[in-house]
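Here is the structure we will look at, set down as structure tokens.
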Amino acid sequence: MTIQTDDFDMSDLPPARRMLSAAPASPKEEAIERALRPKLFDDYVGQTKAREQLEIFIGAANKRQEALDHVLLFGPPGLGKTTLSHIIAHELGVNMRSTSGPVLEKPKDLAALLTNLEKNDVLFIDEIHRLSPVVEEILYPALEDYQIDIMIGEGPAARSIKLDLQPFTLVGATTRAGMLTNPLRDRFGIVARLEFYTPEELARIVKRSAGLLNAPMDAEGGFEIARRSRGTPRIANRLLRRVRDYADVKGNGTITLDIANRALAMLDVDPQGFDLMDRKFLEAVILRFDGGPVGLDNIAASIGEESGTIEDVIEPYLIQQGFLQRTPRGRIATLAAYRHLGVAPPRGNAENLFEE
């Protein structure tokens, strides 16, 4: 199958605020990203440990013809939690209903979803850590006993009735597993942490996506896109589409190493995979706060970004690459960060720079 972006109306897309953000795109960009998602484990790349476990658990559930145990997927944004949930439903041969924690404001919102599930269906709740306490309370008996208690009527005439549900599988996704309440976390029988992808894994993803987009690309060009994608498939696919645009206008349509380098330089994505926001973050820590330790709120105010975005989107990759440390006293830039910006570490302080 070849995906043509002409199939999607892109005329009123809002401008991207940050190319390397792994946050979900606009609905129309999301439509293209959905078309690039693998549908089966056979097409799925990376997350070897989580994939192997899920394949075994799904195979066992299919063999016994019962609902898969509830699944919690957690990790930084853009690593494929939603994609995995679709694959789980597809491999189980059942339907999937999708929602998110903030959308489920009242118990009746969740009850409407649960009562419409068919036997062994999958219910996917993104940002499950943002469920309200009152909705979460309704979810507990549904997860354990496939039953919910709902109130009928109001005032003195109100009464509670118990409804039986079809067996189902809840797949919860979160970037902040630590914010889940213990009672909710304990009700997941399968917990999988998604890790950043290697450049080699991302190169395979980029190659597959280029084929679906009918975008000619050599191996070197694909690998250059992959290694600058912050270990994140969503970013890799987003960069691929922008590099393809550059190749069509400034080249002969083929994504080569030279085309990839020039396109990514135009997008301000450096060889380390950092963009302007990453460099702005490191510059704030090093130049404004003497390398740290500095609190998150101070950094957020300094660079004009929300604390939650910094924690979820910017910091994980910087920490994973060894450019930043989180300590009890605050954030500290590492020697690698100083070298990357071409700034000399404070004289006489290099040895103590990274003490916690």
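Backbone N, Cα and C atoms are what each Cβ position is placed from, and that goes for glycine too.
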Same ATP site per Swiss-Prot - residue from Arg159, Arg185, Arg187, Arg244 joining Leu36, Arg37, Gly78, Lys81, Thr82, Thr83, Glu144, Asp145, Tyr146, Tyr197, Arg234: Arg187
Those binding-site residues listed as Tyr146, Tyr197, and which of them has the most Cβ atoms within 10 Å of its own Cβ: Tyr197
CB contacts for Gly78 (ATP binding site) [other CB atoms within 10 A, all chains]: 28
Among Arg326, Arg331, the one of these binding-site residues whose Cβ has the fewest neighbouring Cβ atoms within 10 Å: Arg326
Mean of the pLDDT scores, which run from 0 to 100, over the region 'Head domain (RuvB-H)' (271-356): 87
